[in-house]
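**Student:** The structure's right below; bear with me while I get my questions together.
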Amino acid sequence: MVMTKKDTNISTQQPLWLQGYIDSPEKQNQLYKKTLKILIFSQIFGGAGLGAGITVGALLAQDMIGSENVAGIPTALFTFGSAVAALLIGASSQRFGRRAGLAGGFLIGGLGAIGVIIAALINSVALLFVSLLIYGAGMASNLQVRYAGTDLANEKQRATAASMALVSTTLGAVVGPNLVNTMGEFADSIGVPNLAGPFIMSGAAFIIAGIILLIFLRPDPLFVSTAIANAEKKDDKVQIGGSLKNPAIDKKGIMVGAVIMILAQLIMTAIMTMTPVHMGHHGHGLSEVGLVIGLHIAAMYLPSPLTGLLVDKFGRTTMAIASGATLLAAGLVAAIAPADSLSLLILALVLLGVGWNFGLLTGTALIIDSTHPSLRAKTQGTFDVLLALSGAAGGALSGMVVAHSSYTILSISGAVLSLLLIPVVIWYFRRIQEKA
């Protein structure tokens, strides 16, 4: 049954089917588990769409234009597209539910991938750039799915729920790039340019992910969680002047959660972006570069279930500090690693991935803790815009830093920046303890 806009209005009288969830913790738990399964299933396809397209975007643009100067444009375009889409998905999810917002993002991203294929067929650079921008919507949905898993989770389950969506993305993200050659051969066989082949997979994967959410994500977890929160009037009144019309939010908590995620994203993207270049300049082959980046990506996502458990068990403060300390270690190891030491570069990039994972899940949990369900999706979308832009800034600035100094200076800068996390987090949680 689809919830209408009327159903989402704050009211003391709820539809009977929705009242059943409000009155029954058992039904809430069943819906929570069902929602997680659907999100995990959709993310496997979403990850495949994400990984396959990113792998060859730069190569396709370079091939069509005939210049290496444009190799960075595709990344910038779909990163900017994902930032804009994150805002729109957050706003539409708040108004129409997670199902509409997330499914819409995946479906639009799939259309973007189809546009890339058409652009390659007719050799239209303008259409290629517009399509890559639209393709970013799939990336935005891919990242915002982690929030949907937390809508019905209690405070001790939120980081764990978010982590399940992240780790399921890994399955598709690993499979996608490994099918690049296969999809290229398939594209050749049907008369499509070889480098556009992976976008056939991306388009299909994003569209399948969207259809899964559109059909199966019912009832909408955000609508149900909002109704449950609105029914708990006594709890709302206890929170810092909260009311049903103006539900309480912890603005400082939101900002600290955002700072944790944004700094982790900025540091990770900056060092990750320049590591392949640094390795290439010192004689490492493509296979070695692929090994380092592959292990780094695995470290970004595979620890998610364990990280989620740690965040829920030991708290946001502990894991935020752990994120800062791990990113600090990553920057220092990268800075002191001899250029010909593959093992130390692997260690640095694995630490970088783990530190990012700690920061993303801790920041996500903190933002969820600090917002009322009736405002949550819009707030999450807003901060995912900043997350995407910080990644783009990290990638752009890293090249400038290395061009004017060195990879060592870049790594040390990342290490120093990571130290900012620790005092910010300690200040915030001391404030919480004083109020308690």
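Using N, Cα and C of the backbone, Cβ positions are placed for all residues, glycine too.
Per Swiss-Prot, the features are:
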TRANSMEM  38-58  transmembrane segment
TRANSMEM  70-90  transmembrane segment
TRANSMEM  102-122  transmembrane segment
TRANSMEM  125-145  transmembrane segment
TRANSMEM  160-180  transmembrane segment
TRANSMEM  197-217  transmembrane segment
TRANSMEM  254-274  transmembrane segment
TRANSMEM  291-311  transmembrane segment
TRANSMEM  319-339  transmembrane segment
TRANSMEM  342-362  transmembrane segment
TRANSMEM  383-403  transmembrane segment
TRANSMEM  409-429  transmembrane segment
**Student:** Does the chain bring the transmembrane segment (102-122) near the transmembrane segment (254-274), so that three or more CB pairs sit under 8 Å (pairs 6 or more apart in sequence)?
**Tutor:** no
**Student:** Report the listed stretch (70-90, 160-180, 197-217, 254-274, 291-311) having the maximum count of Cβ pairs within less than 8 Å of the transmembrane segment (342-362).
**Tutor:** 291-311
**Student:** Mark yes when the transmembrane segment (254-274) and the transmembrane segment (319-339) have three or more Cβ pairs under 8 Å (sequence separation 6 or more) and no when they do not.
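**Tutor:** Stretch pair touches.
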**Student:** Tell me, please, if the transmembrane segment (70-90) and the transmembrane segment (197-217) are in contact, taking contact as 3+ Cβ pairs under 8 Å between residues separated by 6 or more positions?
**Tutor:** no
**Student:** Report, as numbers and ranges, which residues of the same chain sit near the transmembrane segment (160-180): CB under 8 Å and 6 or more residues beyond its ends.
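**Tutor:** Residues 32, 36, 39-41, 43-53, 55-56, 142, 145-150, 153, 197-198, 201-202, 205, 297-298, 301-302, 304-305, 307-309, 311-312, 357, 360-361, 364-365, 368 contact the transmembrane segment (160-180) from elsewhere in the chain.
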**Student:** When you scan the chain for residues with a C-beta under 8 Å from the transmembrane segment (254-274), skipping those not six or more beyond its ends, what do you find?
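**Tutor:** Residues packing against the transmembrane segment (254-274) from afar: 293, 296, 300, 320, 323, 327, 330-331, 334, 348-349, 352-353, 355-356, 358-360, 362-367, 369-371, 379, 383, 386-387, 390-395, 397-399, 401-402, 407, 410-411, 413-414, 417-418, 420-421, 424-425, 428.
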